[in-house]
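Shown next, in C-alpha coordinates, is the structure this report addresses.
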Amino acid sequence: MSKVSGSNGGDSKNTLYCSFCGKSQHEVRKLIAGPTVFICDECVELCMDIIREENKSSMVKSRDGVPTPQDIIKILDEYVIGQRQAKKILSVAVHNHYKRLSHASKGGDVELAKSNILLVGPTGCGKTYLAQTLARIIDVPFTMADATTLTEAGYVGEDVENIILKLLQSADYNVERAQRGIVYIDEVDKISRKSDNPSITRDVSGEGVQQALLKIMEGTVASVPPQGGRKHPQQEFLQVDTTNILFICGGAFAGLDKIISARGEKTSIGFGATVVSPEDRRVGEVLRELEPEDLVKFGLIPEFIGRLPVLATLEDLDEDALIQILSEPKNALVKQYQRLFEMEDVELSFHEDALREIARKAITRKTGARGLRSIMEKILLDTMFELPELEGVREVVISDEVVRGAARPLYIYADRQEEKANASA
(Lines of atoms letter the chains of each structure in order from A and count residues from 1; the text may use other names and numbers.)
(Lines give C-alpha, C1' and ligand atoms only; values in the text may rest on other atoms or scores of the structure.)
Protein backbone atom coordinates (compact mmCIF):
# COMPACT_ATOMS: atom_id res chain seq x y z
CA MET A 1 0.00 0.00 0.00
CA SER A 2 1.52 3.32 -1.03
CA LYS A 3 1.72 6.23 1.37
CA VAL A 4 1.79 9.95 0.80
CA SER A 5 4.16 12.15 2.77
CA GLY A 6 3.72 15.88 3.15
CA SER A 7 6.53 18.43 2.99
CA ASN A 8 6.39 19.53 6.63
CA GLY A 9 8.08 18.11 9.68
CA GLY A 10 10.50 15.23 10.17
CA ASP A 11 14.18 15.17 11.21
CA SER A 12 17.16 14.59 8.94
CA LYS A 13 17.55 10.92 9.94
CA ASN A 14 14.05 10.03 8.74
CA THR A 15 14.02 12.30 5.69
CA LEU A 16 12.69 10.61 2.56
CA TYR A 17 13.96 11.36 -0.94
CA CYS A 18 12.43 11.02 -4.40
CA SER A 19 14.01 8.03 -6.15
CA PHE A 20 13.90 9.84 -9.51
CA CYS A 21 14.99 13.45 -8.98
CA GLY A 22 16.62 13.10 -5.54
CA LYS A 23 14.66 15.93 -3.89
CA SER A 24 13.79 15.51 -0.22
CA GLN A 25 10.26 15.46 1.14
CA HIS A 26 10.82 19.02 2.41
CA GLU A 27 11.55 20.35 -1.10
CA VAL A 28 8.34 19.05 -2.69
CA ARG A 29 4.64 19.27 -1.93
CA LYS A 30 3.99 15.52 -1.83
CA LEU A 31 6.11 12.36 -1.79
CA ILE A 32 4.39 9.10 -2.74
CA ALA A 33 5.90 5.94 -1.25
CA GLY A 34 5.89 2.54 -2.94
CA PRO A 35 7.26 -0.79 -1.59
CA THR A 36 10.91 0.24 -2.10
CA VAL A 37 10.83 3.58 -3.94
CA PHE A 38 9.50 7.12 -3.61
CA ILE A 39 8.28 9.58 -6.23
CA CYS A 40 7.49 13.28 -5.77
CA ASP A 41 4.55 15.22 -7.23
CA GLU A 42 6.86 17.08 -9.63
CA CYS A 43 8.08 13.82 -11.19
CA VAL A 44 4.48 12.57 -11.43
CA GLU A 45 3.53 15.72 -13.40
CA LEU A 46 6.57 15.25 -15.65
CA CYS A 47 5.56 11.64 -16.33
CA MET A 48 2.02 12.77 -17.16
CA ASP A 49 3.39 15.28 -19.69
CA ILE A 50 5.46 12.53 -21.34
CA ILE A 51 2.42 10.21 -21.50
CA ARG A 52 0.26 12.97 -23.02
CA GLU A 53 2.86 13.57 -25.74
CA GLU A 54 3.06 9.84 -26.43
CA ASN A 55 -0.74 9.56 -26.67
CA LYS A 56 -0.91 12.53 -29.01
CA SER A 57 1.15 10.72 -31.64
CA SER A 58 0.09 7.13 -30.93
CA MET A 59 -2.32 6.82 -33.88
CA VAL A 60 -2.33 3.68 -35.99
CA LYS A 61 0.09 4.08 -38.88
CA SER A 62 -0.10 2.64 -42.37
CA ARG A 63 2.76 0.79 -44.02
CA ASP A 64 4.51 4.07 -44.88
CA GLY A 65 4.35 5.29 -41.28
CA VAL A 66 1.51 7.63 -42.26
CA PRO A 67 -1.73 7.97 -40.21
CA THR A 68 -4.56 6.32 -42.14
CA PRO A 69 -7.61 8.39 -43.18
CA GLN A 70 -9.87 5.87 -41.41
CA ASP A 71 -7.96 6.35 -38.18
CA ILE A 72 -8.02 10.15 -38.41
CA ILE A 73 -11.76 10.19 -39.11
CA LYS A 74 -12.37 7.73 -36.26
CA ILE A 75 -10.81 10.16 -33.78
CA LEU A 76 -12.65 13.13 -35.33
CA ASP A 77 -15.92 11.18 -34.91
CA GLU A 78 -15.32 11.03 -31.14
CA TYR A 79 -15.47 14.81 -30.89
CA VAL A 80 -17.35 16.14 -33.94
CA ILE A 81 -20.91 15.08 -34.81
CA GLY A 82 -21.97 14.80 -38.45
CA GLN A 83 -20.15 16.52 -41.33
CA ARG A 84 -19.01 13.15 -42.70
CA GLN A 85 -17.96 14.51 -46.09
CA ALA A 86 -15.90 17.37 -44.61
CA LYS A 87 -14.21 14.97 -42.17
CA LYS A 88 -13.43 12.59 -45.03
CA ILE A 89 -11.86 15.42 -47.07
CA LEU A 90 -9.77 16.61 -44.10
CA SER A 91 -8.65 13.07 -43.23
CA VAL A 92 -7.52 12.36 -46.79
CA ALA A 93 -5.81 15.77 -47.00
CA VAL A 94 -3.81 15.19 -43.81
CA HIS A 95 -2.99 11.61 -44.89
CA ASN A 96 -1.75 12.85 -48.27
CA HIS A 97 0.18 15.63 -46.54
CA TYR A 98 2.13 13.03 -44.56
CA LYS A 99 2.67 10.93 -47.68
CA ARG A 100 3.91 13.92 -49.66
CA LEU A 101 6.46 14.72 -46.95
CA SER A 102 7.57 11.09 -46.87
CA HIS A 103 7.87 11.03 -50.67
CA ALA A 104 9.86 14.28 -50.72
CA SER A 105 12.39 12.90 -48.23
CA LYS A 106 12.97 9.81 -50.43
CA GLY A 107 13.32 11.83 -53.61
CA GLY A 108 12.05 10.87 -57.04
CA ASP A 109 11.19 12.18 -60.49
CA VAL A 110 7.55 13.01 -59.71
CA GLU A 111 6.99 16.02 -57.45
CA LEU A 112 3.76 15.81 -55.45
CA ALA A 113 1.99 19.18 -55.24
CA LYS A 114 -0.06 20.05 -52.18
CA SER A 115 -3.84 20.48 -52.29
CA ASN A 116 -4.89 23.33 -50.02
CA ILE A 117 -8.49 23.17 -48.76
CA LEU A 118 -11.36 25.66 -48.47
CA LEU A 119 -14.08 24.80 -45.93
CA VAL A 120 -17.39 26.59 -46.56
CA GLY A 121 -20.38 26.26 -44.26
CA PRO A 122 -22.96 28.20 -42.24
CA THR A 123 -22.00 29.61 -38.85
CA GLY A 124 -21.87 27.13 -36.00
CA CYS A 125 -21.60 24.02 -38.20
CA GLY A 126 -18.17 22.95 -36.91
CA LYS A 127 -15.51 24.37 -39.28
CA THR A 128 -13.27 25.84 -36.58
CA TYR A 129 -13.96 22.99 -34.17
CA LEU A 130 -12.89 20.45 -36.80
CA ALA A 131 -9.59 22.29 -37.17
CA GLN A 132 -9.08 22.52 -33.39
CA THR A 133 -9.75 18.79 -33.00
CA LEU A 134 -7.40 18.02 -35.86
CA ALA A 135 -4.68 20.04 -34.12
CA ARG A 136 -4.92 17.80 -31.05
CA ILE A 137 -4.55 14.49 -32.87
CA ILE A 138 -1.81 15.10 -35.44
CA ASP A 139 1.91 15.10 -34.75
CA VAL A 140 3.02 17.87 -37.10
CA PRO A 141 3.10 21.55 -36.07
CA PHE A 142 -0.36 23.09 -36.40
CA THR A 143 -1.50 26.67 -35.97
CA MET A 144 -4.72 28.63 -36.38
CA ALA A 145 -4.84 32.20 -37.67
CA ASP A 146 -7.66 34.74 -37.85
CA ALA A 147 -7.90 36.40 -41.26
CA THR A 148 -9.73 39.43 -39.80
CA THR A 149 -6.55 40.63 -38.04
CA LEU A 150 -4.42 40.59 -41.21
CA THR A 151 -3.60 43.65 -43.31
CA GLU A 152 -1.42 44.35 -46.30
CA ALA A 153 2.26 45.02 -45.51
CA GLY A 154 2.90 48.62 -44.45
CA TYR A 155 -0.45 49.15 -42.71
CA VAL A 156 -1.53 48.84 -39.08
CA GLY A 157 -2.33 45.21 -38.28
CA GLU A 158 -0.65 41.83 -38.66
CA ASP A 159 1.44 40.82 -41.66
CA VAL A 160 0.69 37.48 -43.30
CA GLU A 161 4.19 36.40 -42.19
CA ASN A 162 2.83 36.36 -38.63
CA ILE A 163 0.92 33.20 -39.59
CA ILE A 164 4.23 31.46 -40.29
CA LEU A 165 5.61 32.90 -37.04
CA LYS A 166 2.78 31.21 -35.10
CA LEU A 167 3.60 27.95 -36.86
CA LEU A 168 7.26 28.39 -35.90
CA GLN A 169 6.25 28.95 -32.28
CA SER A 170 4.16 25.76 -32.29
CA ALA A 171 7.27 23.95 -33.60
CA ASP A 172 9.45 25.49 -30.83
CA TYR A 173 11.27 27.52 -33.50
CA ASN A 174 12.42 24.35 -35.26
CA VAL A 175 12.39 25.55 -38.88
CA GLU A 176 12.56 22.00 -40.32
CA ARG A 177 9.46 20.91 -38.36
CA ALA A 178 7.58 24.13 -39.14
CA GLN A 179 8.13 23.56 -42.87
CA ARG A 180 6.14 20.31 -42.55
CA GLY A 181 3.23 21.90 -40.67
CA ILE A 182 -0.44 22.67 -41.26
CA VAL A 183 -2.02 26.15 -41.07
CA TYR A 184 -5.75 26.81 -40.59
CA ILE A 185 -6.89 30.33 -41.57
CA ASP A 186 -10.30 31.10 -40.06
CA GLU A 187 -12.82 33.75 -41.15
CA VAL A 188 -11.31 33.84 -44.64
CA ASP A 189 -14.62 35.17 -46.01
CA LYS A 190 -13.93 38.44 -44.15
CA ILE A 191 -11.04 39.26 -46.51
CA SER A 192 -13.27 39.29 -49.58
CA ARG A 193 -12.99 42.24 -51.93
CA LYS A 194 -15.04 45.16 -50.64
CA SER A 195 -16.11 46.32 -54.12
CA ASP A 196 -16.52 44.83 -57.59
CA ASN A 197 -14.47 47.74 -58.93
CA PRO A 198 -10.87 47.17 -57.79
CA SER A 199 -9.77 50.72 -58.63
CA ILE A 200 -12.01 52.69 -56.23
CA THR A 201 -9.77 52.61 -53.12
CA ARG A 202 -6.87 50.55 -51.81
CA ASP A 203 -8.39 47.56 -50.02
CA VAL A 204 -5.68 46.80 -47.42
CA SER A 205 -7.68 44.31 -45.32
CA GLY A 206 -9.51 42.59 -48.18
CA GLU A 207 -8.02 42.07 -51.62
CA GLY A 208 -4.63 43.25 -50.34
CA VAL A 209 -4.50 40.38 -47.84
CA GLN A 210 -5.55 37.88 -50.51
CA GLN A 211 -2.68 39.08 -52.71
CA ALA A 212 -0.24 38.78 -49.80
CA LEU A 213 -1.40 35.23 -49.02
CA LEU A 214 -0.93 33.99 -52.59
CA LYS A 215 2.81 33.32 -52.45
CA ILE A 216 2.99 31.74 -49.00
CA MET A 217 0.07 29.44 -49.86
CA GLU A 218 1.63 28.38 -53.15
CA GLY A 219 5.16 28.05 -51.81
CA THR A 220 7.88 30.60 -51.20
CA VAL A 221 10.76 31.30 -48.84
CA ALA A 222 9.22 33.68 -46.30
CA SER A 223 11.32 35.96 -44.11
CA VAL A 224 9.81 35.60 -40.65
CA PRO A 225 10.67 38.01 -37.80
CA PRO A 226 11.08 35.83 -34.66
CA GLN A 227 9.98 38.67 -32.35
CA GLY A 228 6.83 39.45 -34.28
CA GLY A 229 7.49 41.95 -36.96
CA ARG A 230 7.18 45.66 -37.15
CA LYS A 231 8.13 46.61 -33.60
CA HIS A 232 11.68 45.21 -33.90
CA PRO A 233 13.07 46.29 -37.29
CA GLN A 234 16.69 45.41 -36.39
CA GLN A 235 16.09 41.71 -35.67
CA GLU A 236 17.44 38.94 -37.89
CA PHE A 237 14.84 37.14 -39.99
CA LEU A 238 14.32 33.38 -40.16
CA GLN A 239 13.91 31.86 -43.62
CA VAL A 240 10.96 29.43 -43.83
CA ASP A 241 10.07 27.54 -47.02
CA THR A 242 6.26 27.27 -47.22
CA THR A 243 6.21 24.81 -50.15
CA ASN A 244 5.28 21.84 -47.95
CA ILE A 245 3.01 23.69 -45.50
CA LEU A 246 -0.63 22.64 -45.96
CA PHE A 247 -3.13 25.52 -45.79
CA ILE A 248 -6.76 24.97 -44.78
CA CYS A 249 -9.07 28.01 -45.02
CA GLY A 250 -12.55 28.25 -43.52
CA GLY A 251 -15.38 30.73 -43.52
CA ALA A 252 -19.15 31.10 -43.16
CA PHE A 253 -19.50 33.13 -46.39
CA ALA A 254 -22.81 34.69 -45.34
CA GLY A 255 -24.89 35.47 -48.43
CA LEU A 256 -23.04 33.01 -50.67
CA ASP A 257 -26.17 30.83 -50.81
CA LYS A 258 -28.06 33.73 -52.42
CA ILE A 259 -25.37 34.05 -55.11
CA ILE A 260 -25.59 30.31 -55.83
CA SER A 261 -29.41 30.43 -55.89
CA ALA A 262 -29.37 33.40 -58.29
CA ARG A 263 -27.07 31.48 -60.65
CA GLY A 264 -29.41 28.49 -60.47
CA GLU A 265 -32.44 30.64 -61.28
CA LYS A 266 -30.78 31.91 -64.47
CA THR A 267 -30.29 28.36 -65.71
CA SER A 268 -33.84 27.26 -64.75
CA ILE A 269 -35.95 29.22 -67.22
CA GLY A 270 -38.79 27.80 -69.31
CA PHE A 271 -42.02 25.87 -68.97
CA GLY A 272 -40.29 22.64 -67.97
CA ALA A 273 -38.03 24.21 -65.31
CA THR A 274 -38.35 23.01 -61.74
CA VAL A 275 -38.84 26.01 -59.47
CA VAL A 276 -37.78 25.69 -55.84
CA SER A 277 -38.13 28.67 -53.54
CA PRO A 278 -34.83 29.63 -51.82
CA GLU A 279 -36.71 29.68 -48.51
CA ASP A 280 -37.51 25.96 -48.94
CA ARG A 281 -33.83 24.96 -49.05
CA ARG A 282 -31.36 24.93 -46.21
CA VAL A 283 -28.10 26.85 -46.55
CA GLY A 284 -25.98 23.70 -46.45
CA GLU A 285 -28.06 22.15 -49.22
CA VAL A 286 -27.57 25.20 -51.46
CA LEU A 287 -23.82 25.31 -50.74
CA ARG A 288 -23.42 21.82 -52.22
CA GLU A 289 -23.84 23.44 -55.65
CA LEU A 290 -20.90 25.80 -55.01
CA GLU A 291 -18.72 26.65 -58.01
CA PRO A 292 -15.52 28.76 -58.09
CA GLU A 293 -17.37 31.48 -60.05
CA ASP A 294 -19.68 31.97 -57.03
CA LEU A 295 -16.66 32.67 -54.81
CA VAL A 296 -15.40 35.22 -57.34
CA LYS A 297 -18.77 37.02 -57.17
CA PHE A 298 -18.58 36.90 -53.38
CA GLY A 299 -15.27 38.80 -53.46
CA LEU A 300 -12.41 36.30 -53.59
CA ILE A 301 -9.93 36.92 -56.39
CA PRO A 302 -9.49 34.10 -58.96
CA GLU A 303 -5.80 33.66 -58.09
CA PHE A 304 -6.68 33.06 -54.42
CA ILE A 305 -9.37 30.50 -55.30
CA GLY A 306 -6.85 28.78 -57.58
CA ARG A 307 -4.59 28.17 -54.57
CA LEU A 308 -7.44 26.26 -52.86
CA PRO A 309 -8.19 23.38 -55.25
CA VAL A 310 -10.19 21.31 -52.75
CA LEU A 311 -13.64 22.75 -51.87
CA ALA A 312 -15.50 21.18 -48.94
CA THR A 313 -18.97 22.37 -47.95
CA LEU A 314 -20.45 21.66 -44.53
CA GLU A 315 -24.10 20.96 -43.80
CA ASP A 316 -26.52 22.82 -41.54
CA LEU A 317 -26.92 21.04 -38.23
CA ASP A 318 -30.47 19.72 -37.84
CA GLU A 319 -32.31 19.08 -34.57
CA ASP A 320 -31.07 15.50 -34.15
CA ALA A 321 -27.45 16.51 -34.81
CA LEU A 322 -27.65 19.29 -32.21
CA ILE A 323 -29.05 16.84 -29.64
CA GLN A 324 -26.13 14.51 -30.38
CA ILE A 325 -23.68 17.41 -30.01
CA LEU A 326 -25.20 18.20 -26.61
CA SER A 327 -24.77 14.71 -25.20
CA GLU A 328 -22.59 12.31 -27.22
CA PRO A 329 -19.04 13.62 -27.90
CA LYS A 330 -16.28 13.13 -25.33
CA ASN A 331 -16.44 16.77 -24.29
CA ALA A 332 -20.17 17.30 -24.92
CA LEU A 333 -21.78 20.35 -23.29
CA VAL A 334 -24.03 18.24 -21.06
CA LYS A 335 -20.98 16.30 -19.81
CA GLN A 336 -19.13 19.55 -19.14
CA TYR A 337 -21.94 20.95 -16.99
CA GLN A 338 -22.41 17.60 -15.26
CA ARG A 339 -18.74 17.72 -14.28
CA LEU A 340 -19.21 21.25 -12.93
CA PHE A 341 -22.13 20.06 -10.80
CA GLU A 342 -20.15 17.01 -9.63
CA MET A 343 -17.72 19.44 -8.02
CA GLU A 344 -20.64 20.45 -5.79
CA ASP A 345 -21.47 16.73 -5.21
CA VAL A 346 -24.70 17.18 -7.18
CA GLU A 347 -25.93 15.12 -10.12
CA LEU A 348 -27.29 17.05 -13.12
CA SER A 349 -29.75 15.31 -15.44
CA PHE A 350 -31.69 16.42 -18.52
CA HIS A 351 -34.94 15.00 -19.87
CA GLU A 352 -34.79 14.02 -23.55
CA ASP A 353 -37.48 16.64 -24.27
CA ALA A 354 -35.28 19.29 -22.63
CA LEU A 355 -32.39 18.55 -24.99
CA ARG A 356 -34.76 18.69 -27.95
CA GLU A 357 -36.10 22.07 -26.81
CA ILE A 358 -32.53 23.42 -26.46
CA ALA A 359 -31.77 22.24 -30.02
CA ARG A 360 -34.92 23.96 -31.33
CA LYS A 361 -33.90 27.22 -29.67
CA ALA A 362 -30.46 27.06 -31.31
CA ILE A 363 -32.06 26.47 -34.73
CA THR A 364 -34.41 29.43 -34.19
CA ARG A 365 -31.43 31.66 -33.35
CA LYS A 366 -29.61 30.47 -36.50
CA THR A 367 -26.34 30.18 -34.55
CA GLY A 368 -25.84 26.43 -34.97
CA ALA A 369 -23.86 24.56 -32.32
CA ARG A 370 -22.20 27.80 -31.21
CA GLY A 371 -25.48 28.97 -29.67
CA LEU A 372 -25.92 25.87 -27.49
CA ARG A 373 -23.59 27.07 -24.72
CA SER A 374 -25.31 30.44 -24.32
CA ILE A 375 -28.70 28.68 -24.06
CA MET A 376 -27.33 26.25 -21.44
CA GLU A 377 -25.76 29.10 -19.46
CA LYS A 378 -29.07 30.96 -19.33
CA ILE A 379 -30.96 27.84 -18.20
CA LEU A 380 -28.49 26.92 -15.45
CA LEU A 381 -27.45 30.41 -14.29
CA ASP A 382 -29.81 30.66 -11.29
CA THR A 383 -29.09 27.07 -10.26
CA MET A 384 -25.31 27.58 -10.38
CA PHE A 385 -25.76 30.79 -8.37
CA GLU A 386 -27.86 29.15 -5.63
CA LEU A 387 -26.33 25.67 -5.43
CA PRO A 388 -23.17 26.43 -3.39
CA GLU A 389 -25.35 27.83 -0.57
CA LEU A 390 -27.89 24.98 -0.54
CA GLU A 391 -27.40 21.91 1.65
CA GLY A 392 -28.54 18.38 0.97
CA VAL A 393 -29.24 18.73 -2.76
CA ARG A 394 -28.49 15.39 -4.41
CA GLU A 395 -29.74 16.00 -7.95
CA VAL A 396 -30.94 18.78 -10.26
CA VAL A 397 -33.35 17.80 -13.04
CA ILE A 398 -33.93 19.95 -16.15
CA SER A 399 -37.18 19.44 -18.09
CA ASP A 400 -38.44 20.99 -21.32
CA GLU A 401 -40.61 23.39 -19.27
CA VAL A 402 -37.45 24.70 -17.59
CA VAL A 403 -35.88 25.35 -21.01
CA ARG A 404 -38.99 27.26 -22.13
CA GLY A 405 -38.89 29.32 -18.92
CA ALA A 406 -42.23 27.98 -17.66
CA ALA A 407 -40.81 26.18 -14.61
CA ARG A 408 -37.87 26.08 -12.21
CA PRO A 409 -35.31 23.24 -12.15
CA LEU A 410 -36.31 20.33 -9.92
CA TYR A 411 -34.12 19.89 -6.82
CA ILE A 412 -33.97 16.42 -5.26
CA TYR A 413 -32.70 16.36 -1.69
CA ALA A 414 -30.64 13.52 -0.23
CA ASP A 415 -32.33 13.50 3.21
CA ARG A 416 -35.89 13.21 1.84
CA GLN A 417 -37.62 10.53 -0.18
CA GLU A 418 -40.00 12.81 -2.01
CA GLU A 419 -38.98 15.17 -4.81
CA LYS A 420 -39.07 18.79 -3.84
CA ALA A 421 -39.31 21.62 -6.32
CA ASN A 422 -37.26 24.68 -5.52
CA ALA A 423 -39.74 27.25 -4.29
CA SER A 424 -37.41 30.23 -3.95
CA ALA A 425 -37.78 32.87 -6.65
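Backbone N, Cα and C atoms are what each Cβ position is placed from, and that goes for glycine too.
The annotation Zn(2+) binding site is assigned in Swiss-Prot to Cys18, Cys21, Cys40, Cys43. If you look up Swiss-Prot, you'll see Pro122, Thr123, Gly124, Cys125, Gly126, Lys127, Thr128, Tyr129 marked as ATP binding site. Here Swiss-Prot flags 6-59 as domain 'ClpX-type ZB', drawing on sequence analysis.
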Densest Cβ neighbourhood among Pro122, Gly124, Gly126 (binding-site residues), 10 Å radius: Gly126
Sparsest-packed of the listed binding-site residues (Cys18, Cys21, Cys125) - C-beta count within 10 angstroms: Cys21
Listed in sequence order, residues not in Cys18, Cys21, Cys40, Cys43 with Cβ within 8 Å of the centre of the Zn(2+) site Cβ atoms: Ser19, Phe20, Gly22, Lys23, Val28, Leu31, Phe38, Ile39, Asp41, Glu42, Val44
In the chain carrying Lys127 (ATP binding site), residues 6 or more apart in sequence that have Cβ under 8 angstroms from it: Ala86, Leu119, Gly121, Asp186, Gly250, Gly251, Ala252, Leu314
Spatial neighbours of Thr123 (ATP binding site) that are distant in sequence (at least 6 apart) but have CB under 8 A: Ala252, Ala254, Lys366, Thr367, Gly368, Arg370
Between Cys43 (Zn(2+) binding site) and Cys125 (ATP binding site), the C-alpha gap once rounded to whole angstrom: 41
Which listed residue (Cys40, Cys43) has most other Cβ within 10 Å, given these are binding-site residues: Cys40
Residue among binding-site residues Cys18, Cys21, Cys40 with Cα closest to the Cα of Thr128 (ATP binding site): Cys40
By Cα-Cα distance, the member of binding-site residues Cys18, Cys21, Cys40 nearest Tyr129 (ATP binding site): Cys40
Thr128 (ATP binding site) CB neighbourhood, other CB atoms within 10 A: 19
Collapsed DSSP category at Cys40 (Zn(2+) binding site): strand
Nearest of the binding-site residues (Pro122, Gly124, Cys125, Gly126) to Cys21 (Zn(2+) binding site) - Cα to Cα: Gly126
Residues within 8 Å of the Pro122, Thr123, Gly124, Cys125, Gly126, Lys127, Thr128, Tyr129 Cβ centre (excluding the ATP site residues themselves): Gly121, Ala252, Leu314, Gly368, Ala369, Arg370
Protein Cβ atoms within 10 Å of Tyr129 (ATP binding site), excluding its own: 19
